[in-house]
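Copied from TrEMBL, the annotated features are:
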{"type": "DOMAIN", "residues": "74-483", "note": "domain 'Amino acid transporter transmembrane'"}
{"type": "REGION", "residues": "1-63", "note": "region 'Disordered'"}
{"type": "TRANSMEM", "residues": "103-127", "note": "transmembrane segment"}
{"type": "TRANSMEM", "residues": "170-189", "note": "transmembrane segment"}
{"type": "TRANSMEM", "residues": "222-239", "note": "transmembrane segment"}
{"type": "TRANSMEM", "residues": "246-267", "note": "transmembrane segment"}
{"type": "TRANSMEM", "residues": "287-306", "note": "transmembrane segment"}
{"type": "TRANSMEM", "residues": "318-338", "note": "transmembrane segment"}
{"type": "TRANSMEM", "residues": "358-377", "note": "transmembrane segment"}
{"type": "TRANSMEM", "residues": "398-421", "note": "transmembrane segment"}
{"type": "TRANSMEM", "residues": "427-454", "note": "transmembrane segment"}
{"type": "TRANSMEM", "residues": "466-484", "note": "transmembrane segment"}
Amino acid sequence: MADAKEPGLGAVELGSPGVPDAAPSPGTMSTRRLRSEDYNDYSSTDVTPEGSPPGGINGFAHPESYQRFGETNGTTWYQTLIHLLKGNIGTGLLGLPLALKNAGILLGPLSLLVMGIVAVHCMSILVKCAHHFCYRFQKQFVDYGGAVMYGLESTPSAWLRTHAVWGRRVVGLFLILTQLGFCCVYFVFLADNLRQVVSAANDTTTDCNSNRTVALTPTMDSRLYMLSLLPFVVLLSFIQNLKVLSIFSMLANVAMLVSLVVIYQYIVRDIPDPSNLPLVAAWKTYPLFFGTAIFAFEGIGVVLPLENKMKNPRQFPVILYVGMTIVTILYISLSVLGYLRFGASIQASITLNLPNCWLYQAVKLLFSFGIFFTYAVQFYVPAEIIIPPLVARVSERWGWVVNLLLRVALVSVTCVLAILIPRLDIVISLVGSVSSSALALIFPPLLEIATYYVEGMHPLLIAKDVAISLIGFVGFVVGTYEALVELATPAAVINGTSVSAQ
């Protein structure tokens with residue numbers, strides 16, 4: 001979902017919320033077709049494994065022995081690839097050129113390459129562990145939260161086994177934080193771009209010469225733009241039909257694709273001499289790069305729903321590697337070209353560096369249009385986790401009223417948080433450091449250890465998993481700290497965008 005990076009995107013479009021059915025008996029596994037209503041994809045239902053077969057090394061879900069029977073009307077490999085790309089490409093992509101400034105023109109691309117490799121490895125770990133528990137407990141589908149819960153139940157620690165249900169709850173919490181964080185980013189992105197378009201409206205022409213001086217008209221603060229957008233976003237959040245949301249999602253994807261094509265054709269022209277750009281930036285700013293980069297790579301939430309909805313799930317590993325290769329190439333190319341093109345003047349979103357002519361003003365509006373409708377898709381995930389349990393506590397007569405009031409409250413919370421942190425780069429880095437690092441880097445390696453440790457693991461494999469989790473944890477702590485420090489730094493407003501005062 002998704003930034004539209006963003007993880008909830010694939011989960012929202014591919015599955016409907018609901019309580020999972022009881023685990024089917026082994027004899028029905030080969031004939032029963034999985035329906036989208038058969039599982040809850042939001043890690044919000046506390047369940048315990050039933051019908052566990054005897055454990056042991058022979059119970060492993062080896063790739064050659066694991067059977068997944070996809071839906072007859074499931075997604076094709078091409079549709080799955082498109083959903084995977086969509087789930088990883090969003091506002092985080094537009095913030096990567098500034099992130100590269102915080103790492104350096106050499107260290108930045110190398111770091112993105114390494115993070116891309118590690119991210120796809122963690123995705124494959126999650127899929128492998130989910131397959132293992134599907135095979136072990138004879139289940140059709142295990143979501144992220146369920147995999148973590150079952151993993152804790154497989155550990156030799158009695159305390160972890162007793163509190164295994166908290167694994168599901170913690171994953172659900174971080175999923176909520178991530179998705180609502182995306183929504184906060186969208187408010188800031190929309191406000192910054194609309195403010196810049198309005199301020200340059202009186203002097204906007206067909207001349208797209210970037211050297212032309214534009215007299216910006218004073219306009220209201222970006223926080224007021226967020227408040228102005230709030231009623232429209234609230235109305236958008238009232239749409240609860242996934243089929244209707246999928247139409248808006250398709251329109252958003254087309255709008256963002258066209259915008260990216262125009263952005264690329266602009267930044268590849270007239271690239272100045274890059275010799276003055278630092279190969280490696282100050283280490284103090286590197287944690288901000290880490291937060292933004294892991295925010296952009298946060299697509300781990302879509303992999304299990306995508307794999308589950310395929311006609312031929314055995315094709316998914318190839319699709320995962322091909323899709324994430326495309327994503328990594330796109331991230332590296334846009335970040336490098338954007339930083340080379342604009343240098344030290346690069347802003348929080350590369351759209352804010354585009355010339356103030358009608359073509360590129362239209363690009364800003366077009367991308368904003370896409371992000372606006374993507375908000376509803378990303379908001380669907382936390383809404384489905386938070387709202388149904390609360391609505392269930394009131395009478396059916398007042399259920400719809402409570403539902404709408406809770407949606408208004410949640411959207412208002414994201415707006416208020418965006419107003420309190422009106423700097424797009426800091427919001428992205430903070431969300432990435434706090435929640436995305438946990439879901440994408442910390443949990444999957446620990447899940448692999450919890451799942452397979454009692455069966456015997458090679459010490460090097462354990463060392464690898466511990467190293468990835470430690471890197472994610474260090475990024476979580478240091479990235480969050482540096483983002484909060486930057487947030488406390490007085491900011492100046494330049495061309496309608498807040499930047500830190502150096």
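Keep in mind that glycine also has a Cβ here, set from the backbone N, Cα and C atoms.
Predicted automatically and left uncurated, TrEMBL annotations should be read as such.
A quick note: this is a predicted structure, and the numbers were derived from the prediction, not measured.
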Please report, as numbers and ranges, the same-chain residues at least 6 past the borders of the transmembrane segment (466-484) whose CB is under 8 Å from any CB of it.
118, 121-122, 284-285, 287-288, 290-291, 294, 426, 429-430, 432-434, 437-438, 440-442, 444-446, 449
Proximity verdict for the transmembrane segment (318-338) and the transmembrane segment (246-267), three or more C-beta pairs under 8 Å
yes
The transmembrane segment (103-127) and the transmembrane segment (287-306): do they have three or more Cβ pairs under 8 Å, with pairs 6 or more apart in sequence?
yes
So if I exclude everything within five residues of the ends of the transmembrane segment (222-239), which remaining residues of that chain have a CB under 8 angstroms from its CBs? That is, six or more out.
187-188, 190-192, 194-195, 245, 248, 372-373, 375-376, 379, 383, 404, 407-408, 410-412, 415, 418-419, 422, 496-498
Against which stretches of its own chain does the transmembrane segment (398-421) lie, if we need a Cβ under 8 Å and a gap of at least six residues from its ends?
180, 183-185, 187-188, 191, 223, 226-227, 229-230, 233-234, 237-238, 379, 382-383, 386-387, 390-391, 427, 430, 487
What stretch of 103-127, 246-267, 427-454 shows the most Cβ pairs under 8 Å to the transmembrane segment (358-377)?
246-267
In the same chain, who gets a Cβ under 8 Å from the transmembrane segment (103-127) while lying at least 6 residues past its ends?
96, 144, 147, 274, 277-281, 285-286, 289-290, 293-294, 297, 299-300, 303-304, 307, 316-317, 320-321, 324-325, 327-328, 331-332, 335-336, 339-340, 440-441, 444-445, 447-448, 468, 471
